[in-house]
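Quick look at what Swiss-Prot lists:
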TOPO_DOM  1-115  topological domain 'Cytoplasmic'
REGION    15-40  region 'Disordered'
COMPBIAS  15-27  compositional bias 'Basic and acidic residues'
TRANSMEM  116-136  transmembrane segment
TOPO_DOM  137-150  topological domain 'Extracellular'
TRANSMEM  151-171  transmembrane segment
TOPO_DOM  172-186  topological domain 'Cytoplasmic'
TRANSMEM  187-207  transmembrane segment
TRANSMEM  209-229  transmembrane segment
TOPO_DOM  230-242  topological domain 'Cytoplasmic'
TRANSMEM  243-263  transmembrane segment
TOPO_DOM  264-278  topological domain 'Extracellular'
TRANSMEM  279-299  transmembrane segment
TOPO_DOM  300-370  topological domain 'Cytoplasmic'
TRANSMEM  371-391  transmembrane segment
TOPO_DOM  392-404  topological domain 'Extracellular'
TRANSMEM  405-425  transmembrane segment
TOPO_DOM  426-433  topological domain 'Cytoplasmic'
TRANSMEM  434-454  transmembrane segment
TOPO_DOM  455-466  topological domain 'Extracellular'
TRANSMEM  467-487  transmembrane segment
TOPO_DOM  488-499  topological domain 'Cytoplasmic'
TRANSMEM  500-520  transmembrane segment
TOPO_DOM  521-532  topological domain 'Extracellular'
CARBOHYD  N523  N-linked glycosylation site
TRANSMEM  533-553  transmembrane segment
TOPO_DOM  554-616  topological domain 'Cytoplasmic'
REGION    587-616  region 'Disordered'
COMPBIAS  606-616  compositional bias 'Basic and acidic residues'
Amino acid sequence: MKNIISLVSKKKAASKNEDKNISESSRDIVNQQEVFNTEDFEEGKKDSAFELDHLEFTTNSAQLGDSDEDNENVINEMNATDDANEANSEEKSMTLKQALLKYPKAALWSILVSTTLVMEGYDTALLSALYALPVFQRKFGTLNGEGSYEITSQWQIGLNMCVLCGEMIGLQITTYMVEFMGNRYTMITALGLLTAYIFILYYCKSLAMIAVGQILSAIPWGCFQSLAVTYASEVCPLALRYYMTSYSNICWLFGQIFASGIMKNSQENLGNSDLGYKLPFALQWIWPAPLMIGIFFAPESPWWLVRKDRVAEARKSLSRILSGKGAEKDIQVDLTLKQIELTIEKERLLASKSGSFFNCFKGVNGRRTRLACLTWVAQNSSGAVLLGYSTYFFERAGMATDKAFTFSLIQYCLGLAGTLCSWVISGRVGRWTILTYGLAFQMVCLFIIGGMGFGSGSSASNGAGGLLLALSFFYNAGIGAVVYCIVAEIPSAELRTKTIVLARICYNLMAVINAILTPYMLNVSDWNWGAKTGLYWGGFTAVTLAWVIIDLPETTGRTFSEINELFNQGVPARKFASTVVDPFGKGKTQHDSLADESISQSSSIKQRELNAADKC
């Protein structure tokens, strides 16, 4: 903060003698050029070594001219760059404690918006658990070869496909709604629609009605999937980003724990009543109304407002997000706003300000889109599907129904513990490390589960169940939590929402494959693999781990501006952590840049001479 106050003091002093300072600054900068050799400079110009451009972000320098007005504009741009650098440095050096003291409201607003994902986690776990509920099986199922009722594989696939297709429709609609009305009103609209769609599920008379209710309810869920992560990443500083984006995973787990507890109660107390499946559907009405009220009062993302050229509103939004008061708060708001403006302006210069889906696949953005998509696909290609079918899996592994529901509840609680564990270790190791080690442990668990499928008796089924609990812990301590942060950090600011939408669509496409295959793997009347399913997913996890090691960069400790620069420079994945970048430059004039270039060339020549002398 001392740096901020010092910076503002300097600006105030400069503003009192503005015209005089501009002229003096011009003369001082020109005088400084005597430090480097004019002949080298002229020769460099001939060789096009020093190409003079006007003030652009691609040069990190500005050209001083003969006009005082032009020089004033140049120096204003230099000051803006200094402001952005100051904000970037402040964000990087901020500790978790400092971030919580300075941005407590940002954290709370982020938590509120992400809580919408509780409903999706709840319904995802609910639908899978209903397949194992006796009253639901008798009401909507058919007799199998063993003389018991079950929901056929075809209907399980169909219902799951309805959810995934609805989510993909919702994701596509979300991108256009956000462009038109912003994050807040898009989420409020989605919550209102969800409230109406729940009626279809509550009054369902057939699996076809459930299918209609699921596909319609999934449209708002698609909105929540993309906007919760986007909002959290844009309102919170670097020190809070991992915690607030991975909180999305905690919301999923809260929903799944809630669903498991309700389904356990239904199995024990409402096993022969239609309320056994109606009550779980009805409880979804708890969430929308309070969330709609809370989100209405939430500030809009300042990044979205700047992208829409609504800078004054972005300033107000930042003022609501930041704590403090008086001049100190105003200074911090100005610096942060300038950082956002310059980051977005630089992206627009590089991408010709085109924000279409096609731009997500062009040039540097193509790499960023690929990484975001494959990172989210990795959640579905590493055996996580078994966690969604845990109750059904436990039954097919030989457990009694009541014990299977108990194990599922324990599984989700362990998943919550795993996510909290990832919060602890994220302060010590990077995102990439958390992801790779998490996948490695998952792979081991899955292969052992698959091996136990060749055994028989209660010991084998209990062992497989215990390892599925361990799988839940490692999944949520690793890829389950960290993916939300990585997917939010990888895209550019201009294309963040669209890239996250594309990534989530890819996630859902992989989930479609899982939804088709998994019921066949587990159902007695089909492939009946049981615990052997672990071998299949262990192999997929190994492939996923290999891709992460080779292609996924480390973004820990990087601001959005620095991540942009790393991608623009084409830095290889394994060099992201060690590469030093200067996203905004240092507010230099072109003369400063030429001097630096000359000094750099001179140093390079001297180094070559020393190397030649050493060889001799």
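Using the three backbone atoms N, Cα and C, a Cβ is placed for every residue, glycine included.
Remember, predicted model here, so these are calculated numbers, not experimental data.
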Note to self: For the transmembrane segment (533-553), give me same-chain residues lying six or more residues beyond its boundaries with a C-beta closer than 8 angstroms to one of its C-beta atoms, as numbers and ranges.
What the structure shows: 371, 374-375, 378, 381-383, 385-386, 393, 432, 435-436, 439-440, 442-443, 445-453, 464, 467, 486, 518, 521-522, 566, 571, 573-574, 576-577
Checklist line | Tertiary contacts of the transmembrane segment (187-207), as residues 6+ beyond its ends and Cβ separation under 8 Å | finding: 113, 116, 119, 140, 151, 155, 158-159, 170, 174, 177, 181, 213-214, 216-217, 219-221, 223-224, 227, 278, 281-282, 284-285, 287-289, 291-292, 295-296
Check: Taking pairs 6 or more apart in sequence, does the count of Cβ pairs under 8 Å between the transmembrane segment (434-454) and the transmembrane segment (371-391) hit 3 or more?
Finding: yes
Margin query: I'm a bit unsure how to read this: which one of 151-171, 209-229, 405-425, 467-487, 500-520 has the highest number of Cβ pairs shorter than 8 Å with the transmembrane segment (243-263)?
Written below: 405-425
Margin query: Short question: most Cβ pairs under 8 Å with the transmembrane segment (209-229), which of 116-136, 151-171, 371-391, 467-487, 500-520?
Written below: 151-171
Notebook entry, point to check: On the 0 to 100 scale, where does the mean pLDDT of the topological domain 'Extracellular' (521-532) fall?
Noted result: 82
Notebook entry, point to check: Under the DSSP assignment, what numbers of helix, strand and coil residues are found in the topological domain 'Cytoplasmic' (172-186)?
Noted result: 15 helix, 0 strand, 0 coil
Check: Any chance the transmembrane segment (279-299) and the transmembrane segment (116-136) are in contact, meaning at least three CB pairs closer than 8 A with a sequence separation of 6+?
Finding: yes
Margin query: At a C-beta cut-off of under 8 Å, are there same-chain residues at least 6 beyond the topological domain 'Cytoplasmic' (488-499) that contact it? List them, or none.
Written below: 174-175, 178, 226-227, 229-230, 232-234, 241, 245, 303, 307, 340, 343-344, 347-348, 351, 353, 355, 357, 359-360, 365, 368-369, 371-372, 375, 555, 558, 560, 563-564, 567
Next item on the list: Using a Cβ cut-off of under 8 Å, list the residues of the same chain at least 6 residues beyond the topological domain 'Extracellular' (264-278) that approach it.
Entry: 130, 133-136, 139, 202, 401-402, 405-406, 409
Item checked: Structural state census, the topological domain 'Cytoplasmic' (426-433) (DSSP three-state) -> 3 helix, 0 strand, 5 coil
Check: Where does N523 (N-linked glycosylation site) sit in the DSSP three-state scheme?
Finding: coil
Margin query: As a test: from 151-171, 405-425, 500-520, pick the stretch that has the greatest number of Cβ pairs under 8 Å with the transmembrane segment (467-487).
Written below: 405-425
